[in-house]
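Novice: Take this structure first; my questions come after.
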Amino acid sequence: MLQNGDLNIMFLNTNVPGSAASSSDQENKSVDNFKNNYLDDYPKKNAEILSGQYGVNLLLVGISLMLALSNSESQVDKKDVLAFLVAVMLVQLFWMLWYIVKKKKHECPAPEKDIHAGTSWLRGGLTLLAILSLIMDAFHIGYFIGYEQCLSPVIGVFPAVHAVHTISQVYFIWVHVKDIIKTYENFERFGVIHAVFTNLLLWCNGVVTEADHVLQSYQKRQVDLGIGNMTLGNREPYCNCTTKACTIFLHSLYYLYPFNIEYHIFVSVILFVMWKNIGRTIEYQRKIKVVIRIAGLIVGPVMGLIAFSSSIGVLVMYIIQVGDSVEARESALNMFYCYGIIILFFMCTAGSIGLLIYRSDNAPMDYSKIPSRKLDSELLFITATGSWLMSWCSIISVISTSTSPKYRWTSFFYSLLLIFEKYIQNLFIIESLHRKADNNEDETDGPITEIFSVSGGLSLSTNISLAPSFSGIINAAFESQERECASVNSDEENKKQEHIQNNRLSEESISLPQKSTQKLNKKRKIVKNIAIFLFMCNISLWILAAFGCRPQYDNGLEENTFGFSAWSTVVNIAMPLNLFYRMHSVASLFEVFVKV
């Protein structure tokens, strides 16, 4: 748009006789209009869609290459997929380096931060997963050194680049993931979305590799038991290993893949929140230091530890018995389903009690638009569909099958409870995340509880806002860095002065009867025990599915109903969603635990 001064000059020129206001001014006006309409406004309105489409197509290219590997006669080899992944990781590394250098060179004195994005607890968990991924890269490199004579150099380059990518990305997340980008917005959108889909591609690669290993193990068990007549392909390189640790490296890799898979999917979620925050402005928020209180936590942790230790025992027994004999396999499956029915029943009961407590409490809901919290709720629903699909397929296969193994009806009730458990747990988590934290209801003898999580305002030194939220979007592409810094600073000072006065008034008006506070504290303690119990149960169920307990392959009911090809496709798609659902629920339930 033309500034007011420009408009005044044009007005004088058109009304003063003999002025030179002429074709040159009109040409300049046309150039400015063209720039505003096509170079400024259009990208700012459509940059999110354009960058999103770029990311989706990048993902589809990688998936297409991975699908080509399923055909043994295809000319696409594993080294082609790894070369593509190396290329996209290098592009992300260059972008992160450019962003860090640009940030240090042209940093505003007080840049805006989203306190709800990338909390300290979540970043600490990602760091642990990243360390395990680095160990996996070291095993990959050791395996490559042993078979260097007959393996492509890309097989060794990929883990080396992945290790550098992991270290750099963890640093970027710790330092810059909370940034609200206000300069070079259109370019930065493409950089952040490239990082998002690079991690999704690495997640897909891990999922495909891990699913292939699970399928090979299943086929080997079928051949050993004399049930199936399958030809097992030789996956070993066609040369001798030059070290004695090749077999150790190979078998150890598959125990580390689940951690690498979860690392990349969580990083993609965090970076997606950063992408959504580009151009967003956040009101000044008064910060309150919070710490953890664990008083009254007995029942939840004890029952959670019982569930966790039981799951370890079930995992060990299942792995030992499922490939021993047909009778031992049926016993292992029946044991797994009985354990699943018990733990899912208690999880449904605990979640229902939590919802009933919420129904009896008239605490207000927080409807502010926080991208990370909104994404949490959507991911819970989307990822639950994978488990629901497998459960309904299992129910149909149990009802329609003509055989009657002893685990037939335990499989039926397990699948049915699995549907209800996710339904109730989703309601409990989402309502907990959207309830306002009433700071005046905390116990009078202690500080406020600390909040952690994948979504809203949760970290080791977390901040809670007493001010109303604001989620306006400001597109600031093509504006100079100096102007942006000045506007951010002036807005920040105005917001501070305004909200400090509002917060003082709100703090002075807080009061609550002691009896009411005691009742609310009892309810909160119950909900805390429920949250920590569900937290431990979700960890237990993730461990079972991630490290070998997959009765969807071994019970044979679904395979007889839907066929091996169709059912293996369903499991390979739904199981990664189910694993991410469990790990995402762990993060969300920890937030609920400390937020109540």
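Note: Cβ is positioned from N, Cα and C throughout, glycine not excepted.
According to TrEMBL, the protein carries these features:
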TRANSMEM  49-69  transmembrane segment
TRANSMEM  81-101  transmembrane segment
TRANSMEM  121-145  transmembrane segment
TRANSMEM  151-175  transmembrane segment
TRANSMEM  187-208  transmembrane segment
TRANSMEM  261-278  transmembrane segment
TRANSMEM  290-320  transmembrane segment
TRANSMEM  332-358  transmembrane segment
TRANSMEM  379-400  transmembrane segment
TRANSMEM  412-430  transmembrane segment
TRANSMEM  526-547  transmembrane segment
TRANSMEM  562-581  transmembrane segment
Novice: Would you call the transmembrane segment (412-430) and the transmembrane segment (332-358) in contact, using three or more Cβ pairs under 8 Å, pairs 6 or more apart in sequence?
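Specialist: Counting Cβ pairs under 8 Å (6 or more apart in sequence), the transmembrane segment (412-430) reaches the transmembrane segment (332-358), since there are 3 or more.
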Novice: Do at least three CB pairs under 8 A connect the transmembrane segment (526-547) and the transmembrane segment (261-278), leaving out pairs fewer than 6 apart in sequence?
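Specialist: Touching, no - the transmembrane segment (261-278) and the transmembrane segment (526-547) miss the threshold of 3 or more Cβ pairs under 8 Å.
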Novice: Of the listed stretches (121-145, 187-208, 332-358, 562-581), which one yields the highest count of Cβ-Cβ distances below 8 Å with the transmembrane segment (81-101)?
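Specialist: If we count Cβ pairs closer than 8 Å to the transmembrane segment (81-101), 187-208 scores highest.
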Novice: Are there at least 3 C-beta pairs under 8 angstroms linking the transmembrane segment (526-547) and the transmembrane segment (187-208), leaving out pairs fewer than 6 apart in sequence?
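Specialist: These two stretches do not touch.
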Novice: Determine which recorded stretch among 49-69, 121-145, 332-358, 526-547, 562-581 has the most C-beta pairs below 8 angstroms with the transmembrane segment (151-175).
Specialist: 121-145
Novice: Please give the sequence-distant neighbours of the transmembrane segment (49-69): residues at least 6 beyond its ends with Cβ less than 8 Å from one of its Cβ atoms.
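Specialist: Hits for the transmembrane segment (49-69): 43, 76-78, 80-81, 84-85, 88, 189-190, 192-194, 196-198, 200-201, 204-205, 208, 275.
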